[in-house]
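A.B. asks: Sharing a structure with you now.
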Amino acid sequence: MRRKIRHCLLIIILLSHTALKAEDGYELWLRYSLVTDQQKLNDYRNTIKGWLVDNNSPTAQIIRKELQRALTGLLGKSVPEVKSATEGTLLIGTANAAALSSLDLKNRLKNVGPEGFVIFNTKVNNKNTLVIAANEDAGMLYGVFHFLRMLQTHQPIGKLAIESTPKTKVRILNHWDNLDRTVERGYAGFSLWDWHKLPDHIDPRYHDYARANASIGINGTVLTNVNANALILTPAYLKKVTALADLFRPYGIRVYLTARFSAPIEIGGLKTADPLDAQVQEWWKRKVAEIYKVIPDFGGFLVKANSEGQPGPQNYNRNHADGANMLADAVKPFNGIVMWRAFVYDNNVPVDRTKQAYNEFKPLDGTFRGNVMVQVKNGPLDFQPREPFHPLFGAMPSTPLMMEFQITQEYLGFATHLVYLAPLFKECLDADTHAKGKGSTVARVIDGSLENHTLSGMAGVANIGNDRNWCGHPVAQSNWYSFGRLAWDHTLSAEAIADEWVRMTFSNNVAVVSNIKNIMIASRDITVKYMTPLGLHHIMGWNHHYGPGPWIKDKPRADWTSVYYHQAEEKGIGFNRTTSGSNALEQYQSPVQQLYSDPEKCDERYLLWFHHVSWDRKMKSGRTLWDELCHQYYQGADSAKWMQQQWNTLEGQVDDAQFRFVKSLLNIQQQEAVWWRNACVLYFQTFSKKPIPPGFEKPDQTLQYYEQLEFPFAPGIRPRW
Ligand code: BDP
């Protein structure tokens, strides 16, 4: 009886604590709040009476801490660590764990590789137990987080037979963080890495960052900006990097760095960085050996070369493979890899920037070393709200291609707009390249299964900063989350991921889950509509990329302007990428090429991406192109209002501080959606010379008003070097 009372008291305390504590988003999706479904709670309590981690590695210590924290929160009572398997023990270990020796684990684990895991109910010593097992430590950690997610989302745990293996090998965040702690295209404060105080001061946030990543299977982090600074490779900075690498190691996370191609000159005192120069090769070999001496599991390098002013092999009349291979040879003896970016464009403005990566890389297929991956952005231009998939996917069969998604919302409303990106990620992953017939999806290119590559990877440009809630917008956390989940398993649906995330982050209440999920799922299309409908692209503000700027012209490069991309004129609008235009369509394989080439068949969501069409063109809706364009802009802005209304119904059902924060951001988003709509419609109207269709409210400002707006301090601007 006394125990029962104590129990109830604990629950009341926990409940009131949760109710009173204003959440600040710091805990991400790892809040571990008390299971609210009473039946499930009883069930979980009966099934998990104690736990045992039969392992003493640093990873096992992390697991112990996580279990204590999670089970106390979720079950409302502390669940003891036990010495041997008794009734209701959660048993955790690797294949050789003594406590699991009766279970034929070798066999059960034969297909899951070094990072996969199994979870199943079974009897040990005739007692009902639940087992989480893996071949290696990291798999054990991933299995535990998977299991905790099941509790967090109120899944049944009575008959488990789970086997999970990641679909891509390198699941990695790319931090565009500078050594001065500014973050290029970062909207959540400054860099997490406090270089000045490292290596002596270890910010506790580093641990929480690592926990969050491990919970979604992210196993690598590139600490530094692709617009790289060679200083990171100097001994003083390598000490700091080592401290982070040591800390991340037990979480299964390897550290990678960006390599500035001209580092041999800048910090090595050489006269050249020519990749075929013996001294340069030697310099990199020595530098790499120096790194591996202190970081034995250093992952390797990410390189942006000969793009946007970055130095590279072309400075010495060498090609990308020459550059990548030189670094690859240096890291090879240590099992390191090189991720060489395909986001390149020439100093000479080409006919069409979207063609450049393919033109430069496709001929190099087959010439890269085995430990090189070419990292390709999801679309051929630059992380726009909607792009067709990059034509390099499926076009370089002999080279493992890695996906690069942008999690930070550089072109999607920064950290102010609620935009759930999983639908964008999925749209690209599920696209069919037809490289080897139907079903040759981008996902199968990048997971290596299409061409049987052993290396595979997915990179996400991080949206993480030192804001208390990590990502700026509370819902932006879902983009970090869904990136990790999809890198682990690209077959998951955007809906399923949103479902998990909402349950863990806000509430398991069915109505709340469905409401927030609806907003999230709709948000990307809504944003495309009020920013860049019908295949428009690159019409954002100059340099900072904040807000609309379809009028941007007369800049140092034509392909840095907006007019270059929308090509609006009196007769029509859109970029002609067919044979009568830039012929970028030739880079797609059949039948994708034919499908997009024909304006009648082309998905209207990409129409102005591939075609220049008349303002009077009849659209599928029956409207003219001009009317349809207006319609979509207005629909987008109206839907932003709908998101607000939906959110407002959640008052009192989610944490109040979070509720109010999102509410205020949605208000800004709605105003900015109207701003985008008005500015774009008024601007394009100067060409179409047609009225805004009846029934739509007229913009309350003039085009001149929108054009003269300036934002010198918009966040995330790329600094000048
Ligand atoms: C662009 C960003 C720029 C990055 C570049 C890249 O505006 O800051 O350096 O991508 O990916 O979208 O290298």
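Glycine is no exception: its Cβ is also placed from the backbone N, Cα and C atoms.
Pasting the feature list from TrEMBL:
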SIGNAL    1-21  signal peptide
DOMAIN    28-147  domain 'Alpha glucuronidase N-terminal'
ACT_SITE  Glu308  active site, proton donor
ACT_SITE  Asp382  active site, proton acceptor
ACT_SITE  Glu410  active site, proton acceptor
DOMAIN    471-695  domain 'Glycosyl hydrolase family 67 C-terminal'
A.B. asks: Distance check, please: Cα of Asp382 (active site, proton acceptor) against Cα of Glu410 (active site, proton acceptor), rounded to an integer number of angstrom.
C.D. replies: 10
A.B. asks: Counting other Cβ atoms within 10 Å, pick out the least crowded of the active-site residues Glu308, Asp382, Glu410.
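C.D. replies: Glu308, out of the active-site residues Glu308, Asp382, Glu410, has the fewest neighbouring Cβ atoms within 10 Å.
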A.B. asks: What does DSSP give as the helix, strand and coil breakdown of the domain 'Alpha glucuronidase N-terminal' (28-147)?
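C.D. replies: Secondary-structure breakdown of the domain 'Alpha glucuronidase N-terminal' (28-147): 49 helix, 27 strand, 44 coil.
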A.B. asks: Where does Asp382 (active site, proton acceptor) sit in the DSSP three-state scheme?
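C.D. replies: The residue in question, Asp382 (active site, proton acceptor), is coil (DSSP, three-state).
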A.B. asks: If you measure Glu308 (active site, proton donor) to Glu410 (active site, proton acceptor) at Cα, how many Å is it?
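C.D. replies: The Cα atom of Glu308 (active site, proton donor) is 17 Å away from the Cα atom of Glu410 (active site, proton acceptor).
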A.B. asks: On average, what pLDDT score does this prediction assign to the domain 'Alpha glucuronidase N-terminal' (28-147)?
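C.D. replies: PLDDT averaged over the stretch: 96.
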